[in-house]
Amino acid sequence: MHLSGWRQAVILAGNDLWLTQQLTKILTQFAEKKENNLIDCQIAYCGEIGLKHAFPSLLIHSYHFKQSKNLLGQEFELAILDYRSPVKQQLILHLESLAILGATLKANGYLILLLPEWDKIENYSDQDSLRWNNATQPLVPLQFYQWFKKSLSPFLASTSIRLYQQHTKNEISLDFSSTRWQIPKFALKEQQHILQQLIQAKQDIYLLTAARGRGKSAVSGLLAEQLAQANITVYLTAPNRQAIKTLLKHCPQQPPIFLAPDQLRTEIDQTPAKFTQAWLIVDEAAMLPLEILLEFSQTFVHILFTTTVDGYEGTGKGFSLKLAQQLQRPSQRLQLNFPLRWQEHDPLEKWINQLLLLHTPQQSSTNTTDKEYFLPLTQGEFSQNSTVFQQLYSLLTIAHYRTTPLDLRRLLDAKDQYFYQLQSNQQLSGIIWGVTEGKLDLTLIEQIRTGYRQPAGNLLVQALCFQANLPLACQLKSLRISRIAITPNLQQRGSGSRLLQHFLTDISLQTDFDFISVSFGYQPRLANFWFKNGFQLVHLTHRQEASSGYYSTMAIYPLSKQGKRFCQQATRQFKRNFLLSDHHLITEICQQLKWQIRSLEWHLTTDDWQSLSDFALHHRTFNACYPALQRYLKQYPNPTLATQLSAFIRQKQYKKNALITLKQSVKADLLRKGKLFYITNSN
């Protein structure tokens with residue numbers, strides 16, 4: 001049964017020639033309808049193959065998968081998702097593009113999905129696996145293929161989604177209806193009701209959540225427009241500027257003032273008074289750290305936090321509850337339920353939600369806890385048990401993480417992963433998700449250290465090698481904790497620390513890892529959690545992450561003898577350089593770790609000479625080399641170079657030409673002082 005306003009999905013499965021023929025027929029039919037003014041003609045194509053034939057009468061917007069985010073804010077009657085690959089016996093299962101296209105398709109629209117032979121798909125490797133699996137060659141994602149077909153099964157049985165295969169005789173028939181679908185009055189009424197509540201502003205802060213296609217961006221834009229007409233200043237911030245296009249369409253005359261999260265924080269610190277009588281709209285607030293949102297909540301007269309409860313970029317599940325619990329001002333939670341872009345109970349939306357686990361039911365919570373059990377969880381256990389997998393994914397999504405379709409792919413099929421669980425009240429209540437890193441080729445390590453290579457994967461050890469001059473990080477075998485999540489009813493009760501301690505004990509006895517690592521945005525409370533559990537600080541980025549406003553912090557926990565020696569080297573080197581780094585957090589870190597700020601080391605070591613050489617000849621960053629430069633100038637004074645260095649530091653942004661000039665000056669000074677030995681040794 002197909003209702004007016006529902007979108008339809010059609011899967012075409014066959015070889016390239018057959019798929020091209022069928023797609024040409026569909027687009028020809030679409031063009032004929034358009035020429036007779038029977039339908040609108042906005043078409044989106046997303047894929048790497050491209051269309052083989054031109055259709056001059058059709059406006060087709062073509063995007064590669066990397067560009068699919070640019071589709072946000074647009075609407076289409078027909079969307080083509082081409083999962084074929086230019087490489088034989090491969091495909092490209094880019095799930096984010098499916099979620100994005102599904103959100104842009106209008107009522108009565110069609111999604112055409114192109115796949116190789118349905119019965120042979122398990123023989124195809126997936127190029128997309130290079131994004132989420134730490135390998136140089138694509139793998140065959142058998143677990144996801146099973147998950148994909150299983151999710152489609154009930155929709156194919158009810159014919160709400162249709163599958164056409166090359167070897168069958170079924171004639172492809174699509175009804176490009178000219179019937180205009182009207183948005184139900186009750187859906188518009190819901191939107192207007194929420195807009196009026198916001199304009200009346202009886203509360204200081206509002207938290208608006210909605211699934212895609214519900215008009216959340218429209219509400220935000222209309223609110224900004226009406227406030228501006230009343231001479232009220234409105235600011236807008238978001239983790240992704242690309243995604244606010246729809247919002248801005250609804251306030252074309254007087255758009256809000258956009259500031260990126262880190263820029264907004266800086267301006268609030270510098271001139272807080274100019275924001276106290278203004279409104280702030282935070283789009284996709286769940287994608288920002290809670291600490292930043294709480295900072296914003298103390299400044300503006302009114303704030304609207306909005307977030308999508310599901311989508312390609314993550315999930316906002318649990319966001320409103322977490323934020324509302326910590327707000328110190330009157331607040332109200334609002335929710336948009338009815339779709340405005342398509343008819344309610346749309347089968348395409350249902351399928352995408354089931355495939356990507358976007359509406360996974362949350363686990364029941366209770367204030368009483370049964371005995372806690374800590375034990376490993378294998379990939380096979382949850383990949384073959386949909387109930388356990390849904391519990392795991394639900395736990396990740398409610399933990400305020402950027403849980404995305406990429407994580408779903410990684411969970412099911414990526415190699416060299418390690419999972420450790422907390423079971424309580426007969427359900428999964430906590431999880432540690434680890435990813436193996438290290439054991440890289442020595443030639444590659446040298447290329448990473450000097451900045452000439454940045455291969456996929458091995459994120460943390462590569463950062464330590466390049467930014468902290470710790471190549472041994474890439475040689476040793478380590479496990480990076482990618483996620484740690486605890487169900488909300490067990491948080492702040494020590495369950496996270498108990499899970500972590502059991503994990504560390506078990507993994508030290510049963511594996512051959514040299515150390516465990518973790519990376520997180522620096523917040524005193526979060527850092528204290530890791531430090532009190534034995535992790536030691538080895539690196540802190542010099543600049544804040546633009547999306548979060550926090551400094552990326554890296555810490556390690558040694559296991560083997562080699563790991564312990566490496567940890568001693570890394571912590572000693574970090575402290576020695578950090579105290580000379582002029583870092584914004586130097587006072588806070590020294591207080592937390594009980595370091596003496598004045599205990600500076602000025603003698604030059606082999607690591608310093610290596611850092612100077614890599615800066616002069618290769619791609620070592622200025623911030624990584626700055627402590628060594630200070631030591632060098634103290635031991636080998638050069639007023640001209642010192643003046644040049646001071647001028648470079650005073651720049652608000654490091655300019656490329658100025659950096660090149662500084663590197664040349666450092667190289668020339670090293671040569672003049674007879675330090676060529678150290679330079680040639682670094683090549």
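Cβ atoms here come from the backbone N, Cα and C positions, even for glycine.
Summarising the environment of ARG341 (ATP binding site), the number of other Cβ atoms within 10 Å of its Cβ, over all protein chains shown, is 22. Among the features that TrEMBL reports, ATP binding site is placed at GLN191, ARG341.
Residues annotated as domain 'TmcA/NAT10 N-terminal' in TrEMBL: 4-153. Assigned with DSSP, the residues of the domain 'TmcA/NAT10 N-terminal' (4-153) fall into helix, strand and coil as follows: 59 helix, 41 strand, 50 coil.
What TrEMBL records for 208-358 is domain 'TcmA/NAT10 helicase'.
In the predicted model, the domain 'N-acetyltransferase' (391-502) has a mean pLDDT of 93. Here TrEMBL flags 391-502 as domain 'N-acetyltransferase'.
Per TrEMBL, domain 'tRNA(Met) cytidine acetyltransferase TmcA tRNA-binding' is recorded for 563-661.
When other Cβ atoms within 10 Å of the Cβ of GLN191 (ATP binding site) are tallied across all protein chains shown, the result is 20. In the three-state DSSP reading, GLN191 (ATP binding site) counts as helix.
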